[in-house]
Amino acid sequence: MRLRRAAATVITTGALLAAGTLGATPATAVTKPTIAAVGGYAMNNGTGTTLYTKAADTRRSTGSTTKIMTAKVVLAQSNLNLDAKVTIQKAYSDYVVANKPSQAHLIVGDKVTVRQLLYGLMLPSGCDAAYALADKYGSGSQAAARVKSFIGKMNTAATNLGLHNTHFDSFDGIGNGANYSTPRHLTKIASSAMKNSTFRTVVKTKAYTAKTVTKTGSIRTMDTWKNTNGLLSSYSGAIGVKTGSGPEAKYCLVFAATRGGKTVIGTVLASTSIPARESDATKIMNYGFAL
């Protein structure tokens, strides 16, 4: 009798093992996160596969995430010399005084390299640096014409990427009612920009101290520019890319991180605060890496 019971136990245990049910843990489903932002999107940067969407194709104000395209246009210039010097004009200073946006605190009369301007553009989100770059790389005899030309290049770049829901009317995100994109499109702009090694280096830098040349030829050590993207410090594997904010845009963030050879890149638009946009991005990236 005992032998029969033992045999039955062995048979039953074997059947359970074969079926994979003994001690098995049910697979945990990955739950799509809830975010505070009005719109969001993320994709696998290597494959282009969509990982997350929330109103991903709705046009919204982009704030300073616009500067991703500003940098992309500059870096696409033929025969670009990153060490070329740009003299800071009073108009750039007057612009930030009048609009009170984020700035790199560039000094009128100083000579600043294009490379330094890119750091001033992307780390502290300097609208003065954006103006200087637009003035440098636009075409025309007057600053207004050059700026208009540069914005035209930004729109041409968007068109070339097939982004029909994106339009720029400013070089820095301080729009005049026609500066918009979508979470999906901003992600694609960032993905394209990240193909450039200089761009990648700039946007993953946490802090940068520029040494500029003054009107008298002396060297000025600027106050250190700190990256406004807090994820570079708080999220393992973060590699960029750009924050944005404004009365209409609210709180925006284009983000990217690499883990285990997989890069998740995405955007949140119109979140409720700086901590909220970083939390939104963290949730989306965790979700993207778990898929």
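In case you wondered, yes, glycine gets a Cβ from its N, Cα and C as well.
Note that the coordinates shown come from a computational prediction; the quantities given were computed from them, not determined experimentally.
The signal peptide annotation in Swiss-Prot covers 1-29 and is backed by experimental evidence.
Within 10 Å of the C-beta of Ser64 (active site, acyl-ester intermediate) there are 27 other C-beta atoms, taking all protein chains into account. In the three-state DSSP classification, Ser64 (active site, acyl-ester intermediate) falls within a helix. Annotated active site, acyl-ester intermediate per Swiss-Prot: Ser64, in sequence order.
The number of other CB atoms found within 10 A of the CB of Lys67 (active site, proton acceptor), across every protein chain shown, is 29. Feature annotation from Swiss-Prot assigns active site, proton acceptor to Lys67; the stated evidence is experimental evidence.
Here Swiss-Prot flags Ser125 as active site. In sequence order, Ser64, Lys67, Pro101, Ser102, Thr228, Lys242, Thr243, Gly244 are the residues of the chain that are 6 or more apart from Ser125 (active site) and have a CB within less than 8 Å of its CB.
The substrate binding site annotation in Swiss-Prot covers Lys242. For Lys242 (substrate binding site), the Cβ neighbour count at a 10 Å cut-off comes to 33, with all displayed protein chains included.
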